Amino acid sequence: MKQTVWHHLKLCPQGDPQNTLPDAAIAVENGTIVWLGAASSLPADYAAWPREDLHGAWVTPGLVDCHTHLVYGGQRADEFAQRLAGVSYEEIARQGGGIVSTVRATRAADEASLFRQSAARLEPLLAEGVTTVEIKSGYGLDLASERKMLRVARQLGERYPVTVYTTFLGAHALPPEFAGRADAYIDEVCNTMLPALADEGLVDAVDVFCERIGFSLEQSERVFNAAERYKLPVKMHAEQLSNGGGTALAARHRALSADHLEFLDEAGVAAMKEAGTVAVLLPGAYYFIRETQLPPLELLRRYQVPVAISTDSNPGTSPATSLLLMMNMATTLFRMTVPEVLQGVTSHAARALGKADRHGSLEAGRAADFAVWSVDSLAELAYWIGRPLCARVVRAGETVYTRRELS
């Protein structure tokens with residue numbers, strides 16, 4: 001039985017920098033928080049436990065990256081260089097590039113290679129205090145390759161000190177062998193892929209890319225209906241490039257989240273509020289593809305829709321492995337406040353996964369997953385660009401990452 005009192009710390013237990021304790025302690029037993037609060041109120045039952053002095057550092061919940069595509073083969077830096085030289089995305093696609101090139105590389109990679117490539121993208125997130133990650137499939141687009149991606153995602157959670165939740169995104173794009181036959185491909189997703197992967201226990205949620213260049217409302221709803229037959233929660237890539245009504249559809253199905261949302265309108269915001277659907281904003285993609293349409297943050301505030309922030313880490317539109325950078329981008333590009341972005345990577349991000357009862361906040365009865373920061377103010381988490389701020393990561397009461405000793 002391991003018992004530890006973490007003390008001499010400043011605590012932000014709910015991810016809200018307006019709700020903090022300046023001199024706090026956390027009592028942890030066998031990886032679970034049994035008490036936390038003002039150090040002066042530490043119960044006598046814990047007074048004799050071994051102590052871990054954090055020297056006045058800030059402690060927040062472990063960060064949650066709630067929308068990633070971390071598992072894939074290859075990268076597309078050469079295409080990035082082509083686009084900078086003026087080659088259009090359409091021309092790159094005609095040359096066999098774009099998402100098809102990632103599908104090709106992912107299908108060709110074996111599990112060991114895919115694991116190594118994906119682990120290299122996960123490790124920087126862990127070093128920034130991330131203890132929970134969502135990972136989507138969607139670059140295999142056939143049963144064997146989607147299975148391989150989800151198996152690798154599960155392995156990352158088993159071999160790294162991070163909790164991984166998997167999302168089946170078979171309806172991400174149309175694979176080359178189904179060109180011109182989108183409905184037939186959705187048949188494959190709903191009738192072959194999802195049943196097999198769900199039966200194997202590889203799927204925690206189901207996503208769909210509902211967009212003019214993705215799948216229609218009708219096709220998206222078929223995927224949602226299939227997910228519901230397996231009692232799997234749903235989420236949606238919606239209103240990124242146009243307002244197609246995807247968010248309203250997601251809300252009707254009580255989606256955990258709707259993500260991107262640059263073209264979201266008031267009716268969609270109202271539907272999200274009614275359904276309890278979280279808005280996941282992805283500033284990395286907005287920045288990388290030079291979008292100009294801002295997500296409707298004022299509407300989301302007015303309707304009190306919870307807003308999460310994530311990396312959207314992927315090879316084509318957001319090759320990002322820094323959640324702290326996304327916090328900075330959300331403040332500078334989207335005009336979000338520091339409290340909004342910190343909750344956006346803690347409590348609201350956990351809610352976007354349907355896991356607010358487990359992650360995103362620190363309280364008695366929950367796993368002792370937290371990040372320790374070398375900062376004077378929590379605003380620094382969104383302020384610095386490229387500066388390593390995380391001194392220590394604690395998962396289930398054990399230090400799993402240390403950058404430097406606190407003093």
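Placement of Cβ uses the backbone N, Cα and C atoms for every residue, glycine included.
According to Swiss-Prot, Arg76, Tyr139, His172, Thr317 bind 4-imidazolone-5-propanoate; the candidate from Gln14, Gln240 that the record adds to this site is Gln240. Site annotation for Zn(2+) in Swiss-Prot covers His67, His69, His237, and the matching candidate from Asp142, Asp312, Asp357, Asp369 is Asp312.
The two recorded residues, His237 (Zn(2+) binding site) and His172 (4-imidazolone-5-propanoate binding site), show a Cα separation of 9 Å. Take the binding-site residues His67, Arg76: by the count of other Cβ atoms within 10 Å of each Cβ, the lowest one is Arg76. Within 10 Å of the Cα of Tyr139 (4-imidazolone-5-propanoate binding site), the following binding-site residues from the list His67, His69, Asp312, Gly316 place their own Cα: His69.
Compute the center of the Cβ atoms of Tyr139, Asn314, Gly316, which mark the site for N-formimidoyl-L-glutamate; besides them, the chain residues with Cβ within 8 Å of that center are His69, Tyr72, Arg76, Ile99, Thr102, Gly138, Pro315, Thr317. Its Cβ placed at the centre, Gln240 (4-imidazolone-5-propanoate binding site) has 26 other Cβ atoms within 10 Å. His69 (Zn(2+) binding site) and Asn314 (N-formimidoyl-L-glutamate binding site) are 5 Å apart (CA-CA, integer value). Each residue in Thr68, Lys136, Asp259, His260, Leu282, Ala285, Ser310, Ser313, Asn314, Ser318 lies on the same chain as His67, His69, His237, Asp312 and has a C-beta within 8 Å of the C-beta centroid of that Fe(3+) site, without being one of the site residues.
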